[in-house]
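Enquirer: Would you mind keeping the following structure in view while I ask a few things?
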Amino acid sequence: QERQVAEEHQRAQWEAEQVQRQAAEEHQRLQWIAEQAERQAAEEQQQLHWAAEQAERQAAEEQQQLQWAAEQAERQAAEEHQRVQWIAEQERQAAEAEQEHLRQEHEQQHLTQEHRERRPYQEPVVVHDLSPMDVDCSHCHALHFDSEKLSKSTRGRKRFGMCCLEGQVQLEPFLAWPPELNQLFLSDHQFVEKIRHYNSTLAFTSLGVGVDERMTHRSGTSSFRIHGGLHHLMGSLLPPDGQDPCYAQLYIYDTEEATEIRLRRDGNRQLDRDILRNLHDMLLNHHPYVNIYKHAHQVLLEKPPEQRTDIRVRLHLSEGTDGRRYNLSTANEITAVIPGNGSDAMNENQDIILRLQAGGLRHISHLHHAYSTLHYVLLFPKGEKGWHLGIPLHDREGRQSRSKKVTQLLYYAYCLHVRPPLIEPHNLFYGGRLFQQHVCDAWASVEQSNLTWIVNNQKKIRAELYSGLQDRVAQDPDLNLADVGRNIVLPSSHSGSHRHMQQLLQDSLAICRDCQKPDIFLTMTANPDWPEVRNNLLPGKYLLFLSAISHPHILL
């Protein structure tokens, strides 16, 4: 009995242990299920949070797209409004010209009828008029006078060569100005009067040139005349110690601080603070080189302090970019910011070298694609790429040539022609004195390229046939050639050279020898008040816009 009781006690104890073990396992299973439920709830909460963030991001992107679409619609509406105003102004001018013509005819008829018996007969005077400049090129749509067509033109197809060389020069149109800048040019007379000062204080580069002050400060028609060389200068990203930042250095600062620094300069105190602030914000939003310079500044600051004095960054033009504009691309699509010490190979026509802090200034090659856009920021606020060595020339069928490229002269001739506003906006021609400065700058760049080619190709033009160096050696065998120096011969094909003027004189004397002496020596100058000049000026609110000086495509 005791044994049975002990066995029953053991069996009961074993059953109790089994029940406890099962209870513990059930507790662990329930705890694992609870942990799984908590984990699933946390994952679902994370998914809901991620979905909410995605929805917010999509909503923000949709809002940005709607805002961009609204801005595009406003810009298109403004352009359409300008086009309608331009058409209305053209129609008004045509109506006034027609009324004036009818009035003159009526007066002429009245005078003829009144004095027919008393006045002697005179040959009628034929007034020469070029008619409106409304004949567009079939290739680039530049507007011309009818008499400017080539001799091989037909009645059905009129050809022109001054604008695009009959389709061989094909460039993208200029980008439209931001609305705030366009409004300043069209409605603020004081801004246009001081346009060169505003552009100079906002530019990335400075202008090194000898300006003829006698022409700048005299009364009458405003003129911008230079003498000597013309070049653009670029400083470091930070000013020397103790000096205020200027030019491109100011785009690292915020708008208010940059505006205050600009207004502290003596030549800028007459500028408007609000206009400077708005223009600075506009360039921050639209000009791609602002982000490029900020990125270059960040690259240099990331270097150790002991390496910052020797390190340089190189702004290099990326291959395959658009022929004349950036299409509002980002900095990475325009250039490559390449750090280095300057010892690696570089091409000054494609690269700009920047230092963090250095005392000297560096010249920017006039062959660089950013030569104009870095200085004339108010003419090219969206950073359009200017002329460079890689613009292809097309053949008569429109195919690109692999060897022939567009020259500087052809490029600027294309740009200085007016086209209908729906095809290309009239940005440059509203620039006033800044536009005149840009034209002088372009001419100086073309002239410098021509002179450089002449210096490097003296053998091709056979300059030794013109030079008196061989004669000097023949006369004096003991002559030291180092005392004579190197003569650079300007051929007669270079306009304005001594041989060119001498050749013109010889041609004139040859004509006199063949046709006998002249009866009259006649000189003629262009008159900006000619009807065909005033009737073809671009419409504008102020007289500065209507000045013939801002229309070189008419007078030159």
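Keep in mind that glycine also has a Cβ here, set from the backbone N, Cα and C atoms.
In TrEMBL, annotation is done automatically, which means it is predicted and not curated.
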Enquirer: Which range, 38-74, 260-296, 445-481, 482-518, does TrEMBL list as region 'Disordered'?
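Expert: Comparing 38-74, 260-296, 445-481, 482-518 with TrEMBL, region 'Disordered' matches 38-74.
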Enquirer: Write down the single range among 1-25, 151-175, 201-225 that appears in TrEMBL as region 'Disordered'.
Expert: 1-25
Enquirer: Who are the chain neighbours of the region 'Disordered' (38-74) in space, where the CB to CB distance is under 8 Å and they lie at least 6 residues beyond its ends?
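Expert: Non-local partners: 179.
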